[in-house]
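Worksheet: one structure, shown below.
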Amino acid sequence: MSPQTETKAGVGFKAGVKDYRLTYFTPDYETKDTDILAAFRMTPQPGVPPEEAGAAVAAESSTGTWTTVWTDGLTSLDRYKGRCYNIEPVAGEDNQFIAYVAYPLDLFEEGSVTNLFTSIVGNVFGFKALRALRLEDLRIPPAYSKTFIGPPHGIQVERDKLNKYGRPLLGCTIKPKLGLSAKNYGRAVYECLRGGLDFTKDDENVNSQPFMRWRDRFLFVAEALFKSQAETGEIKGHYLNATAGTCEEMLKRAVFARELGAPIVMHDYLTGGFTANTSLAFYCRDNGLLLHIHRAMHAVIDRQKNHGIHFRVLAKALRMSGGDHIHTGTVVGKLEGERDLTLGFVDLLRDDFIEKDRSRGIYFTQDWVSMPGVLPVASGGIHVWHMPALTEIFGDDSVLQFGGGTLGHPWGNAPGAVANRVAVEACVQARNEGRDLATEGNDIIREAAKWSPELAAACEVWKEIKFEYEAMDTL
């Protein structure tokens, strides 16, 4: 290096550990329409000022590192750095704050949830200056969301494909989740679909195990689909789980499903990964397959209130990465989900424009600029007595999925499906007539049971079943 170059490079450089606040805490910054905005719930270590902690989050999730480096002078940090532009204390909590960070759009690769998450929720979550950190929400600007595939088809196209309108769709996860042979599995699928369900589902655990290889399962399920369609005159579907150990194997399974004439495949998007999910979404769009998404592993990431990623962020990421359905919890069943929080991210999945509403945990106004919506799937510990509440909470654009609530019927699988179909149609009719499902729900089910022995038997079996636990994640 020449002396002249050494002198020029040394101008303005001061080695040492950074005070993040000096560069990355910018309370006067006015956010741009193209910025990606993040709301972090942060718990600093004792003695760490919230401004320093928020600035550290902005730095470590964008251009910063722990010390000043020579190469800072070779780029424009003001153009590329994240900025902590606001900090507010969390009501009722000691030493806990919401830090708002703005990221310039050029930090992220177009159409890549993988790159987005690698930056925003990467190493910063292990930062020693923070006792805990949780990403509560993201604002995705239209300039960025338009670079993503989004759902392969969306709600309206799915309705048109199925020719089913004006009610929630009904599903069932085949149980036991592991251990059935392919032929017995196909039999259960046929009985449920013949009884009146719209969909049946592979459990997320079912891939290709020694007791049931994927190709055998696909073949027997396809036979069940065509037989039930011929008998009922309705279009039926089964979520064939294409999740596999490699992307190549996953796509091979999706190709086989399409060749069999199946209308929908499934993917475990968190365990499978966003890159695999987006690849599958592209295939599904190009080949007319619907894509059902299971969220296995989500509670490891989102259930703790102070650390991790809220599911509303994972839901937004899925809408961008691609999926036509995603599991969202039930509010009333066995799985975690408070009503207002759940409806907040359900709207973020389905609607085109969602206003900021802190009462539902929505930190930013989100404009999806006509990106297709995703059907929320309510699944987990639900049965016929829950039908009025589920219909009232989730509305028509949803899938209500009863596994044990179908297959646990005392008379068998088909009567279990009949009970659920009668219950949902009774609830929809009552709602359309102006009745209040929240207050009259049990009466509506009892009235319908007088004309359906299958529903009456289901009501008797599950009349005492409740899951009354407080939600861990609350506002």
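The first residue you see is number 1, and the count goes up from there.
From the backbone N, Cα and C atoms, a Cβ is placed for every residue, glycine too.
As recorded in Swiss-Prot:
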- P3: N-acetylproline (MOD_RES)
- K14: N6,N6,N6-trimethyllysine (MOD_RES)
- N123, T173, K177, R295, H327, S379: substrate binding site (BINDING)
- K175: active site, proton acceptor (ACT_SITE)
- K201: N6-carboxylysine (MOD_RES)
- H294: active site, proton acceptor (ACT_SITE)
- K334: site 'Transition state stabilizer' (SITE)
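Annotated features, which come from Swiss-Prot, shown on the structure.
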residue : record                       : DSSP class
N123    : substrate binding site       : helix
T173    : substrate binding site       : strand
K201    : N6-carboxylysine             : strand
H294    : active site, proton acceptor : strand
H327    : substrate binding site       : strand
S379    : substrate binding site       : strand
Consider each pair of residues in N123, T173, K177, R295, H327, S379, all listed by the record as binding substrate, and report the largest Cα separation in Å as a whole number.
37
Just jot down the residues in the same chain as K175 (active site, proton acceptor), at least 6 apart in sequence, with C-beta under 8 A of its C-beta; none if empty.
D203, G403, G404, L407
Looking at Cβ-Cβ distances, which residues of the chain lie under 8 angstroms from T173 (substrate binding site) while being 6 or more apart from it?
T200, K201, D202, D203, S379, Q401, G403
At the level of the C-alpha atoms, what whole-angstrom distance separates H294 (active site, proton acceptor) and H327 (substrate binding site)?
6
Top of the recorded positions K177, K201 by count of other CB atoms within 10 A is K201
When you measure from the Cβ of H327 (substrate binding site), which residues in the chain that are at least 6 apart have a Cβ under 8 Å away?
I293, H294, R295, P376, V377, S379, G380
Cβ atoms near H294 (active site, proton acceptor) (within 10 Å, other residues, all chains)
28
If you draw a 10 Å sphere on the Cβ of S379 (substrate binding site), how many other Cβ atoms land inside?
24
